[in-house]
Each structure stands twice: as structure tokens, then as C-alpha cells.
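Residues or ranges marked as domain 'Phosphomannose isomerase type I catalytic' in TrEMBL: 7-105. The feature Zn(2+) binding site is assigned by TrEMBL to His97, Glu114, His171. The active site annotation in TrEMBL covers Arg191. Annotation comment: TrEMBL describes 238-307 as domain 'Mannose-6-phosphate isomerase cupin'.
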Amino acid sequence: MTEAIFFEPVFKETIWGGNRLHSVYGYAIPSDHTGECWAISAHPNGDCKIANGPYQGKTLSWLWQHHRELFGDLKGDVFPLLIKYIDAHDDLSVQVHPDDDYAGKYERSLGKNECWYVLDCEKHTRMVMGHSASSKAEAEKLIETEDYAHFLHFIDIKPGDFYSIPAGTIHAICGGSLIYEVQQSSDITYRVYDYDRTDVNGNRRALHVKQSLDVLKIPGDVPSIMKKEYPFSGGTEIIYLETPDFHVSRIVMDGQADFTNEEPMILLSVIAGDGYLDSTKLQKGMNLMIPSTMKAFRLSGQMQLMKTIVGRKLK
């Protein structure tokens, strides 16, 4: 197969979601409380269908199981990555995710290392990122007394910011944010605090304080991002993050450029503008995979794309 594979997104309604996945990206969302677009996913809780080509209508998990050659014969029982757009109309819960060891032992799942690119946000929007506790005992006391003003670190954000959130990092997306997320293929979230909110039935969502303390990293520092820019004829690639799980960058096209592919797969999302992949029209909100069998391709136009490839742990 020598053509790109496009995906139909899966949407998730949430108590904190909004309507910007429609107003900004044109997605046909189910309601004005849509919090997530699972753009490239083979997870059983949101398995994207293929939108084009000979496998149209099949799921990404099916493709992974039956045509591993399209993924460079990567090993593993499950497709390793999950790409999301997150529309936070209101604050998300304060939460933390497990690593592979803990998730494998207790959840029979991959862990959840993730990262965020800020697509847009309102003025004065903040995020929760990290904590101040010097021990698990101190963290437990601050959680029990709900002294989050002293426990949590808040940071101001702006469009174009990028953050790495390794497993064990306490964090929360706050209202007014539109986020692009790359993560391991996991749906495991341990909630620490949820603002005492209730759902449509008047029930509070479950908290997972014990599990959160089990996986919480001490100290609660957050990795800094040292981005690298590589100009080329027709655009620039900005590399944000290279971890054992994934490498994430942003391609800014302002012309035309030819690319070669030596990766098991390249995941691309058009986050702004429009253009072409070879002769195929690309528009904002499209999400696709360059399979390993597609050894060369051309991008052209005025657009920005998020690019994700697998890290060394998965090769």
C-alpha cells in the first residue's frame, strides 16, 4: 500500500466539554458538551475507522492485527499511540496516570505518558502542572485536607506552548483550553480532585486517591522542553519531544517539500491551514498515517501539521 491512510474520529461527551471541536475544526460533534476527539486511535474505547482506500470501513485495530507490514512490523499486541484533540470548556479533574509497570500489573493496560500542544486558549488561562510535596505522606495530607492552593503548581499558558507529562505527573487542563494530545494508548486516569462536581444524574465522579498516591512522582517537577527548529525549503520542522514512546514535532509548510519515510509509521494531523499530500487535498482537522510502505511523499500549501513517530522503545 503506497497511499496515506485517513481516519474517522471518535467523539467523547464530557461534563467539561464544549463545542469548539465543531467551531474550530468543523467536526460533526454529538453535542455542545463534546470534550474529546479521538483522532487516531485503536483503543477499544474509541477505535477509529479508516476513511479511504482498500480498507475503508475497517478499524485501526483491525489493520494493526491483520496488516502489520503497514506499521513496519512493529511488535506489540496493541497499537501503541493515541492522538486526541481536547476542548476544555470547563476545568478537567486534577489527575495522574500510571506508568507501564503499574498499569500492566493492576489495570492490564499500557501506562500513560502524554504530551500537550496548546492549539488555542483564552487569555489568562492556566494549567495544573506538578506539585510541591516533598514526600508521599505530605502529598496525602494535602489531598486529605484539600489544601490544593499549597499542593498544586499552576502555570500560565498561551497558544503554541508544549508540555511533556510523564506518568506520575499530577496535572489538569483548565477551562478555556483547546489542546492537541499525544499519549500512549491507554484510558487509565486516576482522579485526585474533581471540584465536587456532579453528573446529569447528580452523582459525583469517582476519585482514586490511593492509586494516585501509589503512582505520584516525588518530587513533582515537570520536564522542561528544549525545542529544536530545522528549516527546509518550503517550511520548518519544530521538534518538541523525543521519548522512548514517541517523538512529536510540528511541521509549518509555506511552500512545497519532498519527504522520505524510513519510519514504521508517521502520524499527521492538520491543525491549521490547508494544502496537499501529493495530489490529495488536506484540510484543517484531517488526521492520517503515512504507512511504512509509503517511502516518499510531497507536502505543499500553507498549513501546520503535528507529526508523531514511535520512539525507540517500540521499534
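Using the three backbone atoms N, Cα and C, a Cβ is placed for every residue, glycine included.
Here the features listed in TrEMBL are painted onto the structure.
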residue	record	Cβ contacts under 8 Å, 6 or more apart
His97	Zn(2+) binding site	Gly111, Lys112, Asn113, Glu114, Ile165, Ala167, Gly168, Thr169, Ser186, Ile188, Thr189, Tyr190, Val215
His171	Zn(2+) binding site	Val94, Gln95, Val96, Met127, Val128, Met129, Gly130, Ile165
Arg191	active site	Ser93, Val94, Gln95, Arg205, Ala206, Leu207, His208, Ser212
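A mean pLDDT of 99 is what the model gives for the domain 'Mannose-6-phosphate isomerase cupin' (238-307).
Sequence-ordered, the extra residues of this chain that approach the Zn(2+) site, with Cβ no more than 8 Å from the Cβ center of His97, Glu114, His171, are Gln95, Val96, Lys112, Asn113, Ile165, Pro166, Ala167, Thr169, Gln183. Other C-beta atoms found within 10 angstroms of the C-beta of Glu114 (Zn(2+) binding site) number 22, with every protein chain shown included. In three-state terms derived from DSSP, His97 (Zn(2+) binding site) belongs to neither a helical nor a strand segment and is classed as coil.
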